[in-house]
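My questions will all concern the structure given below.
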């Protein structure tokens, strides 16, 4: 059992100005990470960020801490999280650091690390960094202090990497695509990738100002994208979240296409092309419709705990190459080491171009079960609502009523004081009623 104090399921995250997302904490974090990670010869760390205004402050703090530990910082500027993972590998850096709170509002921020091979740090390394933070900061000799520099061609490098995951013999020239970059880190990457592959691109959510990241745009709110797809009579829409590790799509009729459907399309295309290795990994939240659709194709399916790090662990355990969360994290280990929204989107576009099929038609082989997800906020430190007898009783009643034609899942958020209530079944009205019954029970605790 991990006893990490600061690191959550996706690094360290919180409201800017409140512990732990403060300049002094982040400076010490940089120093502690530098002490732990300085094990090889390069002594350099890649630092990327999304478009939050607080990114400037936090990257300066990290730089100071790393320099004190004798490590040099290479800044990418605003860059998608998977791009930092990629650049960490190609530069042979000790590690990569991303300053982002992903899909959260601008006033939150976070720090997450990538190892030298572009994967998330093991728990043991995070625990070692936390242990180092209990010590007093000590500065290396002046001659050994770290330096700072910028990778001026970081964006171009990642654009070329993304394009290389799309087959040379295909083109997007017949497609009109609306792309929504959430006013986040993909704003200068995704539109260029799609244009250079031949698409007619209409870009929205590409004017970051430091405070508008994820604000009524992006993968967590596709209403603007849906409206624009319909208004432009586009073939599809593609939305990323603030740091570009998630992708959600919209078909030409304005229907939202979730991560489960995206993985289904990619897995089925892999099967058709003969390069699917093993099965596909989802999570406890993955729709039953995905499991049934993959089963009909003869593709094995396994569920991991919620969180892309757990999806990756399950993929590695089974030796499989495809995994996803319904929220839009899609991991394709034959192409990337982490969730990469642009790359995942390109694989769906590959299936469209190769088969001359619309996104709507590609989704038609999978029937999504009605699923309700309700987030219920509780007071941190007031006890665990999931352990309350009244909540357990109502949950048991609902599970009995659904039988084997539905599912109930209650879990705590890894980053916020929220209980996530998920109910899934064949009848939408029944699912909604059951979700509200459980939600009311949690609120009453």
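One-based numbering along the chain as shown.
The backbone N, Cα and C atoms fix where each Cβ goes, and this holds for glycine too.
Model, not experiment: these values are computed from the prediction.
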Which of 102, 115, 390, 413 does Swiss-Prot put in the same Mg(2+) site as 241, 243, 245?
102
To test your reading of the Mg(2+) site: which residues beyond 102, 241, 243, 245, same chain only, put their Cβ within 8 Å of the Cβ centroid of those residues?
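Everything else in range on the chain: 50, 80, 81, 100, 103, 184, 185, 219, 240, 242, 244, 246, 339, 341.
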Looking only at C-alpha atoms, tell me how far residue 102 (active site, phosphoserine intermediate) is from residue 245 (Mg(2+) binding site), rounded to the nearest Å.
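About 8 Å separates the two Cα atoms.
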Tell me the Cβ contacts of residue 241 (Mg(2+) binding site) under 8 Å, same chain only and six or more apart in sequence, or just say none.
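Listed in sequence order, they are 102, 103, 182, 184, 214, 218, 219, 220, 328, 341.
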Within 10 Å of the Cβ of residue 243 (Mg(2+) binding site), how many other Cβ atoms can you find? Include all protein chains, please.
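Residue 243 (Mg(2+) binding site): 35 neighbouring Cβ atoms within 10 Å.
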